[in-house]
Amino acid sequence: RENFIHVCNPHLEKMKEDILYHFALGTGTHDFPALFGDVKFVCVGGSASRMKSFTAYIAEELGLGSPGDNYPNICAGTDRYAMYKVGPVLSVSHGMGIPSISIMLHELIKLLHHAKCSNITIIRIGTSGGIGLEPGSVVITRQSVDATFKPQFEQVILGKTVIRHTDLDDQLTKELMQCSKEINQFNTVIGNTMCTLDFYEGQGRLDGAICLYSEEEKLQYLKEAYDSGVRNIEMESSVFAAMCNLSGVKGAVVCVTLLNRLEGDQINSSHDVLVEYQQRPQKLVGYFIKKRLGKV
């Protein structure tokens, strides 16, 4: 069964050309079905360099590339986002925070629609702050919650508050968890992910330029988050989940924790350790893609 991207915008049909400005792509200048029609997996992450390294990694894993191969940035005409493709895998950077990933997702969803892609799986791979987990643990998100622990994404549209749900695909979550058990290389849990609008005060840090609460208040808040099922904190998952749901796309969020926020606020692991941590979501998602393609 072919499940195509659902675009919730009737106005697009009236447009002669759709310019994806932040990708430097357009339907009048690019053949989307020829460029992207075979895409089945889309992996997104904050850092452009990380998504390029993931492209090289998955290319080798799928037998589609060799060490040292160069993968051109499809979005080279802009410095907003980076995009790479190898076989059926598209790798895209999304920057930091809800506004940045939201812009990217609008154009990505339209790109997949114009390319007539079907049966798409989108996975965000990234980093996060853990709660009650050893650094280096990987969290597969059950649902994204806001800073009050509610599973919702709230946005003001035309002056009115619109609330959208943020559950992620349960079957995909379980499938990823099974993959982690099979590779058995690092601790992986399924839990809720808190998505905040800020890295410092919004996440209860004590080390920002402004902090008007006590350490005791911070710890009480984080413990309440843990008791509600939250296992990590980042800044993109809520709008990611909401937009995947509206577009009929199976989505997942797989993030490694760089520290345990109950024990501190600053990331002080060595560079080499952090690099290895950041490779863990890539390894898990890479194995998942290989398994889906019958290459395991």
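Just so you know, glycine gets a Cβ as well, placed from its N, Cα and C.
Heads up, TrEMBL stuff is auto-annotated, nobody curated it.
As recorded in TrEMBL:
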type: BINDING; residues: ARG80, ARG124, ILE125, GLY126, THR127; note: phosphate binding site
type: BINDING; residues: GLN203, ARG205; note: substrate binding site
type: DOMAIN; residues: 40-289; note: domain 'Nucleoside phosphorylase'
Check: Cα distance, GLN203 (substrate binding site) to ARG80 (phosphate binding site), nearest Å?
Finding: 26
Next item on the list: Using Cβ-Cβ distances, find the residues under 8 Å from ARG124 (phosphate binding site) that belong to the same chain and are at least 6 apart in sequence, listing them in sequence order.
Entry: CYS43, VAL44, GLY45, HIS94, GLU236, SER237, PHE240, GLY251, ALA252, VAL253, VAL254, CYS255
Note to self: Give the mean pLDDT for the domain 'Nucleoside phosphorylase' (40-289) on the 0 to 100 scale.
What the structure shows: 97
Checklist line | Cβ neighbour count (within 10 Å, all chains shown) around THR127 (phosphate binding site) | finding: 21
Next item on the list: For ARG205 (substrate binding site), write down the residues of its own chain that are at least 6 apart in sequence and whose Cβ falls under 8 Å from its Cβ; none is a fine answer.
Entry: PHE199, CYS211, LYS218, ASP265
Next item on the list: For GLN203 (substrate binding site), identify the closest of the binding-site residues ILE125, GLY126, THR127, judging by Cα separation.
Entry: THR127
Next item on the list: Would you mind listing, in sequence order, the residues at least six apart from GLY126 (phosphate binding site) in the same chain with a Cβ closer than 8 Å to its Cβ?
Entry: GLY45, GLY46, GLU234, GLU236, VAL253, VAL254, CYS255, VAL256, PRO281
Check: Counting across all protein chains shown, how many other Cβ atoms sit within 10 Å of the Cβ of GLN203 (substrate binding site)?
Finding: 22
